[in-house]
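Swiss-Prot annotations:
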- 7-29: transmembrane segment (TRANSMEM)
- 44-66: transmembrane segment (TRANSMEM)
- 79-101: transmembrane segment (TRANSMEM)
- 143-165: transmembrane segment (TRANSMEM)
- 186-208: transmembrane segment (TRANSMEM)
- 221-243: transmembrane segment (TRANSMEM)
- 291-313: transmembrane segment (TRANSMEM)
- 353-375: transmembrane segment (TRANSMEM)
- 418-444: region 'Disordered' (REGION)
């Protein structure tokens, strides 16, 4: 029987306290808060440092260790089908809510008075986005370049190819597979070490946000923010909740299970900061490694539900605020463009804003300068985006695993009922399966 550790040693508690201290520091000592920005940036860079090798190890060991290669294509197909359906629902919900509530109505903003220079960089980055360019960008110029740049989709593509090739070698490739599995244990131990710095990273990021923009900016354009936050909550509880119930588990229990990851995301405003831990948590929840390794990384580009809600709401809000008329044809066009452009968003802070700029440029009917209206509050809405994205990808992993019959449902229910062991609460060797040996297909 294990003794429960003191509350103050829990990462969950430490991150909550750090966020609270960050808010107070940013409010009462704004210059100090702004100066703490490197703490948040440094933490996210540490996480990004190990994301590429972790994805590589997880995907390769999962695919190479599978008996039936057809199941890989089946898993990928089901995952993309799920992503497309649910993200489309998210886009539609955002569109309906912003039309009903009309948060920008009555602002009567003159576009010519807006400072477009503030959003010029986002517009330039947005114009670089194209469907063909996005597809070609998935193919890395070099293997080293994919890992050096930390491009998740490029690393994922190479990992899938490498996993297939290693599987074809059979027993001859076993030493390589064993090495990759042991290397993965080292990477996850590094993650455990980095996560001890999560409270410091969350404190720095939150102190900077409040110090730079002020609590007052939380009130400015508050109707849009409140509308967006409520929509995200309803999406998680109603839409994702219904999906979870239909597949035999509770979304509230799942949220409780990933509470530490949600707090890390809340502090850093980046769902990417929780990616390595999500790989561990979802596998521990009963999903096979091969499913987790494909669904989670792919979902960070194709299943961003919170970002989808934000994109439709922000685009129509700009139209309402600038008195730009949007009839049903314009809104359908916007929706169709977003069905494509939203798939290019990554799970990092600010990517949603770049995709919004790309969308406004592509649609043409909406004033791109209107981006300046929401630039100040975009940082505060990124928390809701990132949290919704994370929950959406957790649900997707369980659902797809169940669809392809790669889910241990007894383990799922047991883990959800217990609330899940905190990764930082147990021995690292036990968490990462070191005691189990190098077998890549073992589900912990």
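Yeah, the Cβs are placed from backbone N, Cα and C, and that goes for glycine too.
Between the transmembrane segment (291-313) and the listed ranges 7-29, 44-66, 79-101, 143-165, 221-243, the one holding the most Cβ pairs under 8 Å is 79-101. For the transmembrane segment (44-66), the most Cβ-contacting stretch among 79-101, 143-165, 186-208, 221-243 is 143-165 (pairs under 8 Å). Sequence-distant contacts of the transmembrane segment (79-101) (same chain, six or more residues past either end, CB-CB distance under 8 Å): 223, 227, 231, 234-235, 239-240, 243, 294-295, 298-299, 302-306, 308-313, 316-317, 320, 331, 334-335, 338-339, 342-343, 392, 396, 399-400, 403.
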